[in-house]
Amino acid sequence: MSFSFFDVLLMIGIVQGLVAIPLLLRSKQQRLSKVFLALAILSFCLLFLKVLIIFSSAFDGPQFRYFPIAFEMATAPAFYFYFLALTEKQFRWKNTYAWHFLPVLLAQSYAFLVYFSMQELQDNTQSYQMLDTLHYSTVKEMENWLIVVSISSYLLVGAKKYLRFQQRVRDNTADTAYPTLSWLKSIISTCGLLLLFLVVNMLVDRIWLLADETLIHWQVYYVYVAGVTYYLGLMAFRQQAPDLNQIYPVTPDSDQMDVVCDDTRELANRIETLLKEQALFLDPNLNVSQLARELRMSSATISQVINRHFGMSFRAYINEFRIDAIKAKLLDENNKASVLSLALESGFNSEASFYRVFKAATGQTPTGYIEANKSPE
């Protein structure tokens, strides 16, 4: 029994996934979301096993012919429900959600049908006749394109939900490097690249019949998926569960709404005065709930006042104070600190987010701003 370098890479992906799955399932934080992530990683592991059986000479026995593994269509819905469980407050599994996994159930049932139908056949002629009877080529072609449709659909819906969640984060926290957003964005980007890679491989096989000449493009694709599995298994344990109570503040009742409408200017002045006097914006993790406690108002009321009176999200509003603070420091002739140090002192928690916000606010880089505003000698 011998394994190629490609086989070894896939086996590493399987081992990494099998190590990550029980650790995820034992996690006490965001347990339901971890179950769905474990399911997604399991689908990758089963895919690697399927590919090993197809590609490796170590699995040439008749018992491995058409081995029943058809779990690929579980990947996209598993990631989708991981996303929902991670970002939606009080998310609960409902039996009606089970239809999302109906395609994988049908595909797996068909795989078992093919496998057991082929086991009793002794020669290739009978095997080909059975495959024709089961419409094997047609069904597998449909299944391959359904996988593309599944990934595309869930990726599109997931991206839309990500944008809505991103806006909620901006409306309710001033953290410029909110870790959950970065994590979800990386998953969407990774899955988007996976989809693109898959579609390109399928098209070149069908247009130029590349699979008749070489399978290197598929081997590279599966190595990429193995890398994704390693990345997910490693990074999932470093993610802190988001505080959804911050992101989903209690909505004020109709009486409170009337107060907000009548006294928006007064409430806005109170918010602005507090931020200036206590310099709360210097806290990189400042969120709307903290401000609400200081002002003895609801989080939703503060978000609503900032949105209506200042016309911006909570994060953008807080960043204005931070930018004003750092602009003064940049022009201070006695300042000896680096730009990064000043950014961190002013409430930003990453260099990248500071430069992005500063450029958006001033149209210049910090260095360009200093040059443009230097006092004439």
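Every residue, even glycine, has its Cβ placed from backbone N, Cα and C.
For the transmembrane segment (6-25), the list of distant contacts is 34-35, 37-38, 41-42, 44-45, 48-49, 51-52, 55-56, 58, 219, 222-223, 225-227, 229-230, 232-234, 236-237: same-chain residues at least six beyond its ends, Cβ to Cβ under 8 Å. Summarising the annotation, TrEMBL assigns transmembrane segment to 6-25 (among others).
The transmembrane segment annotation in TrEMBL covers 37-59 (among others).
As annotated by TrEMBL, transmembrane segment applies to 65-85 (among others).
Remote same-chain residues near the transmembrane segment (97-118) are listed as 65-74, 77, 80-81, 127, 130-131, 134, 136, 139, 143, 146, 150 (criterion: CB distance under 8 Å, separation of at least six residues from the stretch ends). The feature transmembrane segment is assigned by TrEMBL to 97-118 (among others).
TrEMBL lists 145-163 (among others) with the feature transmembrane segment. Residues 72-73, 75-77, 79-80, 83-84, 87, 103, 181, 184-185, 188, 191-192, 194-195, 198-199, 202 of the same chain sit 6 or more residues outside the transmembrane segment (145-163) yet have a Cβ under 8 Å from a Cβ within it.
Residues or ranges marked as transmembrane segment in TrEMBL: 183-204 (among others).
Packing against the transmembrane segment (216-237) from elsewhere in the chain are residues 6, 9-10, 12-13, 16-17, 19-20, 23-24, 27, 34, 37, 40-41, 44-45, 47-48, 51, 55, 183, 186-187, 190, 193-194, 197-198, 201, 204, 210: each is 6 or more residues past its ends and has a CB under 8 Å from a CB in it. As annotated by TrEMBL, transmembrane segment applies to 216-237 (among others).
The average pLDDT the prediction assigns to the domain 'HTH araC/xylS-type' (265-372) is 91. TrEMBL lists 265-372 with the feature domain 'HTH araC/xylS-type'.
The DSSP breakdown of the domain 'HTH araC/xylS-type' (265-372) into helical (H, G, I), extended (E, B) and coil residues amounts to 80 helix, 1 strand, 27 coil.
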